[in-house]
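Here is the structure we will look at, set down as structure tokens.
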Amino acid sequence: GSPNSGSPNLPLPAGRGCTDVVCCVLLVVAIVGYVVVGVVAWTHGDPRKVIHPTDSRGHPLVLLEFQCPTTQVPPGPSAGTGGGHPYGPPNRPRPARPQICVSKCPDRYLTFLTARGAPGELRYYRDFCAPAFDPRKAPLEVLKDRECPAMLIPSTPLARRCFPAIRAKKGVIMVGNETTYDDGRGRRRNVTDLLEGAKKANVVLETRQLAMKIFEDYTVSWYWIIIGLVIAMVASLVFIVLLRFLAGIMVWVMIVMVILVLGYGIFHCYMEYAKLKGEAGSDVSLADLGFQTDLRVYLHLRQTWLAFLIILCVLELVIVLLLVFLRKRILIAVALIKEASRAVGHVMSSLLFPLCTFFLLCLCIAYWASTAVFLSTSNEAVYKVFNESACPFSGHTCRPETFNATNVTRLCPDAQCLFAFYGGETAYHKYLVALQFFNVFMFFWLANFVIALGQVTLAGAFASYYWAFKKPDDMPAFPLFSAFGRALRYHTGSLAFGSLVLAVVQVVRVTLEYLDHRLKAAENKFAKFLLSCLKCCFWCLEKFLKFLNRNAYIMIAIYGTNFCASARNAFFLLMRNIIRVAVLDKVTDFLFFLGKLLIVGSVGILAFFFFTQRIKLVQDTAPPLNYYWVPILTVIVGSYLIAHGFFSVYGMCVDTLFLCFLEDLERNDGSADKPYFMSPDLRKLLKKTDAAGRPDE
């Protein structure tokens with residue numbers, strides 16, 4: 001703890017012990033299991049399957065999402081023909097749709113029926129048929145078994161796939177050089193019918209071109225983006241320093257502005273109400289008018305403006321009364337904000353600590369994402385025995401490499417070993433869904449643990465500032481590192497406990513969102529209503545747990561107690577001071593919102609004028625861009641993240657000092673034996689005297 005940790009007036013315990021050891025052990029076991037799952041997934045998975053599909057032999061090649069519905073594909077890649085081969089009787093298992101590779105995309109319109117009548121065309125057509133194609137079979141059987149596409153269309157390769165060669169010539173849609181094609185049934189159809197099937201190809205092509213232009217913009221503007229982010233960081237730091245001296249002015253200006261805006265609203269509503277007096281139709285009541293889709297109709301009624309006038313008057317009165325009765329608590333909030341600036345000034349390293357939290361969160365996200373990819377690509381090509389006649393081995397798993405050497409071919413001459421599906425029949429493959437669920441759960445648990453570690457570390461550093469009798473002389477030499485070490489050494493179990501509870505709720509929320517997505521097309525209104533209620537309840541529960549955990553971690557940093565005791569003490573301490581909590585929370589939230597808005601808005605406007613070359617002094621310096629919004633949006637988003645990182649530290653400091661302040665009031669009375677540890681400004685606001693005669697800082 002701090003140098004004063006042995007003082008009887010301090011809540012900081014003289015000696016700490018490990019808390020929630022069971023949860024600590026459980027976390028370690030879970031992490032070990034998570035590592036084992038990752039290793040097993042990395043052993044079985046193949047991420048190439050994410051960007052490459054497979055042909056009928058299970059060889060990975062190109063993006064499944066852009067799979068063409070026929071067997072046509074460009075050199076090397078593969079695609080599905082759609083549908084399966086109905087080998088054998090209907091009650092027997094069927095192999096999956098065949099996927100093949102071809103040397104080049106088709107360059108002409110041709111139907112299977114036309115090609116079958118011309119030997120030369122049939123030889124060309126066979127390049128786009130499955131290896132199992134038998135030219136002796138009836139055309140209907142060939143098409144039914146999906147051994148060949150019903151027709152070929154002039155195509156071009158894109159992303160190693162064949163897509164219809166659609167182009168517009170003088171406003172006319174064409175494929176190849178034709179505007180119509182033979183559908184194989186003796187009818188000519190317009191090529192616009194092919195547009196729907198080529199939509200994904202167009203999206204991919206446009207996305208690829210957009211991505212290339214965005215990449216080009218980043219290559220010529222990256223250093224200016226970095227300069228913009230540095231400006232945002234400096235502005236955030238300056239704002240926090242100025243907040244120490246201008247917090248009071250900013251709060252009262254904000255309050256006065258709210259009162260003036262409401263006052264103007266009251267005046268405007270009265271003027272509109274008076275102006276409509278005597279006009280035809282303005283005295284119709286809202287009840288008589290009923291519901292109107294054109295909301296402007298209501299603005300021509302005196303009753304509408306009267307309702308607005310009453311609502312604004314009531315709101316204005318409530319705010320004025322709150323200011324009258326809560327003026328002292330608002331002053332306490334301002335004083336705490338100023339005190340937080342002093343604390344941050346004495347623990348400047350805390351401003352960089354979010355980088356550590358961000359790095360650990362990136363590790364969690366990277367491990368979760370990579371494990372999810374490897375798990376999802378762990379399926380293997382499964383081959384099974386298919387046959388036309390009765391065979392005792394029908395449906396059994398087989399291996400194409402050794403199939404001809406087995407007894408199956410001798411007992412069932414017409415049997416074939418064909419690709420059936422992707423999956424697996426081992427215990428690992430059967431529990432892939434459970435492993436994915438475990439992966440998601442561990443991600444939430446570890447991410448919440450990292451956030452909790454950051455919160456308890458900052459809380460410990462700022463608590464050591466508050467409970468230092470002589471600030472900053474009585475503070476530890478390195479308060480942030482001391483708090484970080486205490487958190488890991490003594491309270492890993494408590495952090496694991498709090499993050500575990502929150503992770504369970506978050507996993508339930510994700511499951512509900514998934515069910516809601518699956519039930520969108522359902523007609524059961526009661527199920528949708530129930531699901532919406534559950535989503536709302538768990539959303540509220542998650543928000544409450546985040547609030548409770550945050551304050552529990554502060555109590556853990558101060559007292560060193562376990563999670564349940566800390567959460568209980570923090571909750572009842574806040575409930576005993578609920579009005580102070582509400583006022584402080586809203587005042588600080590609004591101040592921080594103004595700060596973020598000011599920083600992000602200022603840097604964003606500066607970036608806009610710079611990248612659009614509207615600043616004459618640096619007009620020739622701005623790089624030429626395809627899309628000027630690319631660096632501007634990057635700077636705005638980056639500025640918000642930087643400002644949020646700074647203000648999150650500030651917010652944690654305010655919350656910690658506030659709990660310490662409440663503890664100080666309940667534990668001490670200002671006597672020589674129990675002196676206050678609060679700052680002189682807070683003592684003056686509370687009109688408290690310190691019999692110990694502590695000197696002002």
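Just so it is clear, glycine is given a Cβ too, placed from its N, Cα and C backbone atoms.
Annotation comment: TrEMBL describes 21-42, 222-242, 249-267, 305-326, 347-369, 442-467, 488-508, 552-575, 587-611, 627-647 as transmembrane segment. Among the features that TrEMBL reports, region 'Disordered' is placed at 74-95.
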Contact between the transmembrane segment (442-467) and the transmembrane segment (552-575) (3 or more Cβ pairs under 8 Å, separation 6+): yes
Proximity of the transmembrane segment (347-369) to the transmembrane segment (627-647), 3+ C-beta pairs under 8 angstroms: yes
Long-range neighbours of the transmembrane segment (488-508), counting only residues six or more past its ends (CB under 8 A): 16-27, 440-441, 444-446, 448-449, 451-453, 456, 538, 541-542, 545-546, 549, 552-553, 556, 560, 562-564, 566-567
Top partner of the transmembrane segment (587-611) among 21-42, 222-242, 249-267 - counted as Cβ pairs under 8 Å: 222-242
Long-range environment of the transmembrane segment (222-242) - Cβ separation under 8 angstroms, sequence gap at least 6: 341, 344-345, 351, 595, 598-600, 602-603, 606-607, 610-611, 622-623, 631, 634-635, 638-639, 642-643, 646-647, 650
